[in-house]
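K.L.:
Got these off TrEMBL a minute ago, pasting:
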- HIS165: active site, tele-UMP-histidine intermediate (ACT_SITE)
- 2-175: domain 'Galactose-1-phosphate uridyl transferase N-terminal' (DOMAIN)
- 184-349: domain 'Galactose-1-phosphate uridyl transferase C-terminal' (DOMAIN)
- 31-52: region 'Disordered' (REGION)
Amino acid sequence: MQFVASEHPHRRLNPLNGQWVLVCPHRTQRPWSGQQEKAQKNELPEFDPTNPLCPGVTRPNGIQTPKYESTYVFENDFPALVEVVPVPPNSDDPLFQIAPARGNCRVMCFHPKSNLTLPTMSAAEIAVVIDEWISQFNELSAKYAWVQIFENKGATMGCSNPHPHCQIWSCSFLPTEPQLKQERLRAYYATNERPMLADYVERELQRQERIVIENPDWVVVVPFWATWPFETMLISRNNNKRINDLTTKQRYNLALTMKELTTKYDNLFQCSFPYSMGWHGAPTGPEHAHASSAHWTLHAIYYPPLLRSASVRKFMVGFELLAMAQRDLTPEQAAQRLRDVDGKRHYLEK
């Protein structure tokens, strides 16, 4: 019997973290009798006087959100990390290690209107969001080792407020996922004298199996090692190391690329497609200011949970929690579906 990747179970290595992913394409034929979720509808008002992220509304802590007209950034009212906190005592017991954790947490509203999301915003409006990301990054990266810009879109992904927004968490330490990437990217560079993701993009462009979007500045690919059904990576093609390396042209092309990708996501199942996404680049802060970042390539990761429709999602339970990550739909099949769907015109415009 000859192996066929679209038919037979196999494992794939994620070189960014050293973890294997189990791919089981034959399972896409099995019947589904599990949970069904109601598809989202676009019934949100432009302004909700009870939503604390809307302009002019008072937040639970008594602070009034200003009547902003573009983006708006404020300190998170319920931060996970704070700047002033006692240092824990040292432990000489290897089973009970503890370390300091300082930081800053901010919320950034993308737009004053509550009924918009990135795919329904204009490219010019998304470019303003990117500019503000960079402004925040410039300020916070001078002090903190890691600045994590991320968006949780949709209640399915734990988003507690439907207003278009993201969060920016800054850490005095290098978190687990970036630390793993730092080690793997550095090791690859030491052996190959090339950034891993630069080589990866080059080979994906040659193969044309998992590419979703490509332009002179950016590539969107369903990674060979993707875990989530329609997971994608948005990778810089210009040797950028951090988001504040981007030129004006690269920023605008990024806005166009993000709009096209998120429009494809929404059009795939004709719903407001949920996901968690975030940016990864070279570490920052005084500790990393003079360290080489040659091994890094700026990229964003999108983790969407939907599998078969607006109401059928992938759950990371059972084997995935106890053994290893697993997926049914192959990355190649997912990329083909995303390529085939319209990324220029949103389904709500039709």
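A Cβ is built for glycine as well, from the same backbone N, Cα and C atoms used for every other residue.
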K.L.:
Test of understanding: give the count of other CB atoms lying within 10 angstroms of the CB of HIS165 (active site, tele-UMP-histidine intermediate).
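P.N.:
HIS165 (active site, tele-UMP-histidine intermediate): 20 neighbouring Cβ atoms within 10 Å.
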K.L.:
Would you mind giving the whole-number mean pLDDT across the domain 'Galactose-1-phosphate uridyl transferase N-terminal' (2-175)?
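P.N.:
Over the domain 'Galactose-1-phosphate uridyl transferase N-terminal' (2-175), the predicted model scores a mean pLDDT of 93.
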